[in-house]
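The feature glutathione binding site is assigned by Swiss-Prot to K411, R448, F460, C473, D474. Marked as [2Fe-2S] cluster binding site by Swiss-Prot on the basis of similarity to another entry: C419. For 151-253, the entry in Swiss-Prot reads domain 'Glutaredoxin 1'. Look at Swiss-Prot and you will find 287-389 tagged as domain 'Glutaredoxin 2'. Taken from Swiss-Prot, the feature domain 'Glutaredoxin 3' covers 394-491.
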Amino acid sequence: MAAVREVGSKAELEAAAGGARAAAVHFWAAWCEASKQMDEVFAHLAVDFSHAVFLRVEAEEQPEISEAYGVTAVPYFVFLKEGKTVDTLEGANPASLANKVAKLAGPASVAESAVPASLGVAAGPAVLEKVQEMAQQNGASATSSAEDALNKRLEQLVNSHPVFLFMKGTPEQPRCGFSRKVVDVLKQEGVEFGSFDILTDNDVREGMKKFSNWPTFPQLYCKGELLGGCDIVIAMHESGELKDVFKEHNIPLQPQGSKNEEAVKAKPDTEKSGAVSEPALLTAAQKERLESLVNFSTVMAFIKGTPEEPKCGFSGKLVHILKQEKIPFSSFDILTDDEVRQGLKLLSNWPSYPQLYINGELVGGSDIVMEMHKSGELKKVLSEKGIVAKESLEDRLKALISSAPVMLFMKGTPDAPRCGFSSKVVNALKQAGVSFGAFDILSDEEVRQGLKTYSNWPTFPQLYYKSELIGGCDIVLELEKSGELKSTLSE
């Protein structure tokens, strides 16, 4: 059997791959079961394609190499020709691995007639046997991995451009009237945008419906947040709000010189969009009504839709933050009253929505509130104004520890652990059938350091049951080994 070579440094990898016509690199981790399974497939492929170079890198032990090749999860494969990356693969997909190796290295040494069409010419009998074994043993985990991979792909698509449109067809050839209308709006706004034709990929088409909780297409995103479909985009365009949203998020708008746009510019003032740019004034009655609304509640959110059913991603983000901070607030749906929608832009001198007010004073839109939330400034402002009681670190830790009967403080999330020890504890809890809450200590340094003192336990992960510390990774694994884990967490 041709050996898969373990690589211990970036220089060693570059030397091995640089001198080879074709090289495949497997980034793996000892704690990852999927890595072990894919490593067997990788080893069999090394036999079938003995004229190529096969290398292994333990991702966590070689951070310099992992960072150089953009590795954020395992198993991960990089395919190189003469030292240059030509393709990659993330996740446990033996069929894809076999096909990518075949494409990289050329025909295998096995007879093509022995290989099913589903794997192309990539795999020999040993690989096929391993694929079948993995399919039988890991059907459920493969489905989960596929869903995770799809969600990651969707997130990458949504964030690939500041403005991104999921549509039927292409901007040059829309395949439905609604998609055509949104493309026309974006062109009139003079904004550059990326797009994806959902007719070419049913996984993306169906996945986006769940991802966005929006059942139809087109779907327009700005800075990763859903603005809405055709009707909402057209309404925002006609009111001038779409342009305001782009400006608020520092998205450049290109001046358009077409005849159509000259005609738009020549329209009477009454037909122009963008209320803020007009020299209109509020009447005394309008101003009184708006001031009454912004002071209706101590914390007042002007959003599209309702807190239960936000009608745009930015409004949804704001509502989520307020709920996460446990801030009591009232709201007003600006889609139900255009006089309020346009008038509040003038009163606040703020061109877009949502808008958050505290004690009648404008705090800002979703981006500003998000930054304040991340930095802790939002809670500080609310505490200073007496809206929420100032929470001590100890109180916060107690609240977090008691937020679930079984609570795990870990690096990363249960779906994407960021260290081997955290991954082992997550796997142990899942195998024991224990439901648990989790907190990513990498997301909050104050919690990370505070919990060490509070629990008198210096490392992570830390597992709690009914607010009492059970222990770290070693203790959890001992309980699992002795069969006591589930009973300990259900007494």
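Cβ from N, Cα, C; glycine included.
The structure, with features from Swiss-Prot marked on it.
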residue	record	Cβ contacts under 8 Å, 6 or more apart
K411	glutathione binding site	P417, R418, C419, F421, S422, D440, I441, L442, F460, P461
R448	glutathione binding site	I441, L442, F460
C473	glutathione binding site	F421, S422, K424, V425, P461
D474	glutathione binding site	none
The largest Cα to Cα distance in Å among the residues K411, R448, F460, C473, D474, listed in the record as binding glutathione, is 19
Residue counts (helix, strand, coil, in that order) that DSSP gives for the domain 'Glutaredoxin 3' (394-491)
47 helix, 19 strand, 32 coil
Take the Cβ of F460 (glutathione binding site) and count every other Cβ within 10 Å, whichever protein chain it belongs to.
20
Neighbouring CB atoms within 10 angstroms of the CB of C419 ([2Fe-2S] cluster binding site), all protein chains considered, total 17
For the domain 'Glutaredoxin 3' (394-491), would you mind checking the mean pLDDT of the predicted model?
90
